[in-house]
Amino acid sequence: MKNWYLLLISLMAALALFLILSLFYGRNTQKSLELDSPIRIILKSLDGEPMDFWDVVNRGIDEAAREFGVQVVVTGPRFEKEINDQIDIINRAIELSPPMLIVAATDFKKLVEPIKRANKLDIPVITVDSGVDSDIPVSFIATDNIEAGKKAGEEMKRLMEGNPRKELAIVSHIRETATAIDREAGVRAALEGMNIIGTWFCDVEQEKAYKISLELLKNENLGGIVALNEVSTLGVTKAIEELGLSDKVIAVGFDNAIQELSYLESGILKATVVQRPYNMGYLAVKTAVQYLSGESTTPFVDTGSILITRDNMFRREYQELLFPFGQ
Amino acid sequence: MKINFVPGTLEARIYTIFTIMVFAAIFIMQMVFFRFTMDTVRSSTLENNHTLLRQLVVQIDSYISSVERITRSISGDRDIQNFLENDGFVDPGETEQIRKSLNNYIKAREDISDILIVYHDGTVLSGELEAEVNPWVSVLDMDWFRGALERNGQTYVSSSYVQNIMAGRYTWVVSLSREIISEWTGESLGVLLVDLKFNRIEELCRSLVVGAKGYDFILDRDGNYVFHPTQQLVYSNLRTEPVGEILALLGSHQGRAFKEGDRYFMVETSGLTDWHIVGVSHDSDMITDWKYVQITYGFIGLILFLVVGLATNRISSGITKPMHRLQDIMKTVEKGEFHLVGEIKATEEIRELARDYDIMVGRIRELVAANTREQELKRKSDLKALQAQINPHFLYNTLDSIIWMGEMGQNREVVKMTSALSKLFRISISKGQEIITIRDEVAHVQSYLTIQGMRYQDKFTYLIDIDPELHDYPILKITLQPLVENAIYHGIKESEGKGFIHISGYARDENIIITVKDNGAGMTPMELEDLISGIETAPENRPKLSRQGMGLRNVHQRIRLYFGPQYGLSCESSLSSGTIMTIRLPLKEWEA
C-alpha cells in the first residue's frame, strides 16, 4: 500500500496522544489494588455476641476493605476452642487460592501445618491477634501482649502500695496460648521483686476462674489478682464481689466486657487493659493491601493497648473503644 | 510509484506539517476538554454533595427539634409541674404515676432511650421502670445538667456520650436537657433529661454519604467529635481530620469548603445543636468514571486523528499525483520525446499548467520539425553544390588528352572524346534536375568510362549490364560515376595488369540493385571498415575524408536523403580480389 508510511505515522502519533493523555491524567486517579479474588480472613470465632472482640475486629476489617477498595471474606469456627474446625476452614480457603490469607490462630502450634501449606502454594499469610510458631507469616498484627501485661503489672504495683496484704496471684486462660504466655511475662516483668504466689489456668471457663478465685481468696495474705483475659477477669471479680473483698483484694484485668466495665465503675475491678480490636482488623487488611501492592511491611504491627481505670473510662477518646457504637 | 519520504517533497511536507498541526490541535483540545470535563464533574459532584450535606443538617435539626417539642411538652405538663411543685417525692404512689407517664413518652418513640427528671439535690426520677440508678454517678457534675441550668429553660443539646446513669447500662446517647421552671412561681423545679439513642443520628450520617470513600462526621461546638464513622482510627491517630482547619474556617468568612490532599471537606453548622457537620468527599469517588471518560477521549482523538490523517493524505496526494504525472511526462523531454499531457484530473491550476505545457510542447514540436526540414534542405543544397563540382583535375587531364590527340592528328579520337565530355556535362547539368532516368545515368557513366578508357588505354575494360526494363526508373544523378571513379583510382590504377569493371543492374524484391565491381587492389578489412564508417557518418561530424571517400559518402547520404534510410550504398572488399559497391534504390515509377 502506497500510504503505509502515512498510516504508520498516524497510528504512532495517535498512540502517543493516547499515552500522553493517560499518563497526564493517570496520576490524578488513585490506583486501587485490583484483586482476582477476595482476601480470605479466618478469625477465631464468629458466633460471638455482637460487640464482642471479634465483632469489633470485623468492623475494622470492613472499614479497611471499604477504604482500600478490596474484597474480603471473613470466616472462622463457631468457637475459639474448635481448632480443627479452623484448620479445615483454612484448608478450604487455600483451595480457592486467594491472594492473601489473614488468620487469627486458635493454636500456636497446630496452625503451623495449614500455614505451611498456604506458603507452598505461594499464598502469603498474615496473622492477626494470635500468631503461630513459624516465620512464614509476612506480618503479625496484634497487641504487644508483653507490653499490655506490663501495663497491668505496673498498675497493680502502684495500687499495691500501702496494701497490707502482700501476696499476688495470676489467673490466666490457657497454658499454651501466646497471649497468655506474653501477658504473664509482661505482668511478671512489671511486678519484679513482688511476691507472686503462682499462676492458675481457667481454660477459658468463667466458672472455673470463679472457683479458682474463691480458693485463692481464702488466703488472707492475698492482696491482688491479675486476670489475663475477659473470662478470667469476670470470674475473679465475681468472686471478689461475692466475698465483699473489693477493699482488700485489688483486681486488675484484661478486656472490656460490659460486666467488667460495670465492675470497674463500682470499684471491684481497679483497672483493665484493653486492646484495640477495631485497629487490629483495620491494620490487618491495611497491611495485606500494602503487601499485595508491593509496599514494604513490618513483621510485627503493634495495635496498642490502653489501661482503663474508673477515672478515665468515660473520657471521650476511650468511649467508643469501650462502648462501641450500635450497642 | 516510488515514494521517497524526504521532507523536501511537497507531499511529505504537506503531510508532515498537517500531521503535526492536527496532532497539536487535537492534543490541546483534548487537554482543555478533559480538564473542563473534570472540573465540571468535580464541581457538580461537590455541589450535589453540598446539597446532601445541607439536607443532612436539615434532617438532624428537624429530628432534634421534634424531640425538643417533647421536652417542652413534658416540662410544661400540668401533672408533672404539680408533682414537682408539691414535692410529690414523698408519696410513692404519685411518684410511680409520674414515672409511668414518663415511660409512656419513652414508649411512644423508639429512639428515646430514657427520660429523667433530676432534682437539685441529685435525686433521679427515671422513666425506665425496671432500671436502677447507678450509685456511682454524680449527676450534678454532668454536662447536660449544668448546661440545662445555664440555659434557663432553654433546651441544651449535648454532644454524644455514653450514658451511665442507670446501673449496668451503657448507652450511646445525645441528651436534650432543660430546666423545669414552675409556671406559677417561676422557680426552678429540676432538670428534665431526654436521652436519644445515638443510632438515629448515626444512621442519618451514614446514609447521606456520597461515594464509596465519602463519609460525614460531626463536631460539637468545641471541636470534639459527636460522631465519626471511624472514631477509633481517629483517636488512635490512624486517621486524622483537619479539625483545627475546620474550626478556623468557621471563624473566618472564607466559605465553608476546602480541599486537603485528595479529600474535599464541606462544613455546615446546625443552628439548633451548634454542631458542625462535615461532609468529606473523596476525589477518587468523583473520578470513578474518569478512566472511562479518558479512554473515550483518547479513542475519539485517535479516530479524529486517523480521519484527518487520511483526509490530509488524500489532499496532498490529490495535489501531488497529477504533478508527479506532469513531472514524468516532462522528463521524457530529456530523451527527446515530446509527449502531450492531455486532459488530466487535477485542480484548475495544475490543469492550466498542463495546458500551457502542451501548448509549449506543440510549439517546440513545430519548431523542431521546421528545423529538421531546414536542415535537410540545407544539406540537400550542400550536396547539390558538391555534386555540381566536377573534379577540375579530371577536366584538365581530359582537355590535356584532347590537345595531345589533336596534335597527333587523331581527329576521330578527338571528336569521340570531346563528344563524350560534352555528353557528360549535359547530363551533369540536366536542366538542374536532381532525379534522372537510369538510362541517362548509364549514358553519363558510359561517357565517363569512354573518356577514362581513352586516357588509360589498355589499362582496363568494362561491361555495363543494366536490365533494360529498369531504364525508365528514376535515379539520383551522378550516383554511378563516383563509384566508377573509385574503382579506377583505388582499384585498377593501383594494381598490375588489366583491370575490369563490371556494372550490373537488376530488380529484386521491389529494390533496384546496381553493383559496380572491379578486380583491382581491394582493401584491407581495416581500410574497408574505415571507409564504411566514413560513409555512414554525417559530414558535419566527420568533415575530414579523402576525396574519394567524400564522393562515396555523398552518394550514400543523398540516396538516403531522397529515398529513405533503408536505401544507400554498401561495400564489400578484400585485398587483391577487388571491391564490390552495391547501390540499393527503390523500384519506384517516376512521380510527376
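Every residue gets a Cβ built from N, Cα and C, even glycine.
Whatever TrEMBL says is automated annotation, not expert-curated.
The transmembrane segment feature in TrEMBL is assigned to B:12-34, B:292-311. The annotation domain 'HAMP' is assigned in TrEMBL to B:317-369. Annotation comment: TrEMBL describes B:480-589 as domain 'Histidine kinase'.
Residues 18-19, 22-23, 26-27, 30, 33-34, 37, 41 of the same chain lie 6 or more positions beyond the ends of the transmembrane segment (B:292-311) yet place their CB under 8 Å from a CB of it. Distant neighbours of the transmembrane segment (B:12-34): 5-6, 293-294, 297-298, 301, 304-305, 308-309, 312-313, 315-316, 319-320; these residues of the same chain sit at least 6 beyond its ends, with a Cβ under 8 Å from one of its Cβ atoms.
For the domain 'HAMP' (B:317-369), the DSSP counts in helix, strand and coil order read 41 helix, 0 strand, 12 coil. The average pLDDT computed over the domain 'Histidine kinase' (B:480-589) stands at 85. Taking H, G and I as helix, E and B as strand and the rest as coil, DSSP gives the domain 'Histidine kinase' (B:480-589) the counts 42 helix, 34 strand, 34 coil.
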